[in-house]
Structure formats: C-alpha cells, structure tokens
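Step one of this worksheet: look at the structure below.
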Amino acid sequence: MDMRVPAQRLGLLLLWFPGARCAIRMTQSPFSLSASVGDRVTITCWASQGISSYLAWYQQKPAKAPKLFIYYASSLQSGVPSRFSGSGSGTDYTLTISSLQPEDFATYYCQQYYSTP
C-alpha cells in the first residue's frame, strides 16, 4: 500500500480555491461553523471522483503557512494531537476533532493528491 505524503509546495494551493482548473473537484462542508471548547467537530470533504484515499487535511492559522495534519485519509502527521482523526474512502472523507481545544480554532482544508492539474 502506497502511503505517500503529499508534496508540500506552493502549486498545490491552486487546489484549495473554487474555480481552479483541475480534473478532480473537491467540495468541503461546512464552509464555516461555530463551536465551543470541548465540542466534537466534523468537517466533510467530497471528491468528484474516487481518489483512493489520497486525501490530506491541513490546518491554517492567520498569517501562518498551512500545516499538514493528516495524509492518506487517516494517517496523523507526527506531532498532531490524537484528538484529530481522519476517515473515509472513495469519494467521501471526514476530519473529526473529538474535543475541540482553544488552539484548534483555525481554518481546515482538504486536498486530494491522487492527481495533479
């Protein structure tokens, strides 16, 4: 099983914006949410076609570079707290934060790396 970590390069930022020209379209929901410390939070991401679990989740805080949190749909990047988990296969993927902490308030992005533009 190939569990490649996605390349972290500027070009991949194109995949995070609506209207980017690529073969696979990613849709994330909800666009925004209100949550409190201790809440269980779930974010869902759908691919327009199967991506064989080549799905990464990133966390970004204001004025900071995005950080890879999860790769290959469910593999936690080193140093990421265990309250974060990823799941899914085929076209449907989920990021879950089991108990939201103050440092978790941020923007989260999904990104497929099954194919590139």
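The backbone N, Cα and C atoms fix where each Cβ goes, glycine too.
On a predicted model such as this, the values are computed, not experimentally measured, just so you know.
According to Swiss-Prot:
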type	residues	note
SIGNAL	1-22	signal peptide
REGION	23-45	region 'Framework-1'
DOMAIN	23-117	domain 'Ig-like'
DISULFID	Cys45-Cys110	disulfide bond
REGION	46-56	region 'Complementarity-determining-1'
REGION	57-71	region 'Framework-2'
REGION	72-78	region 'Complementarity-determining-2'
REGION	79-110	region 'Framework-3'
REGION	111-117	region 'Complementarity-determining-3'
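DSSP assigns Cys45 (disulfide bond) to a strand. Against the region 'Framework-3' (79-110), the recorded stretches 23-45, 46-56, 57-71 differ in Cβ pairs under 8 Å, and the greatest number is found for 23-45. There are 25 other CB atoms within 10 A of the CB of Cys110 (disulfide bond), with all protein chains counted.
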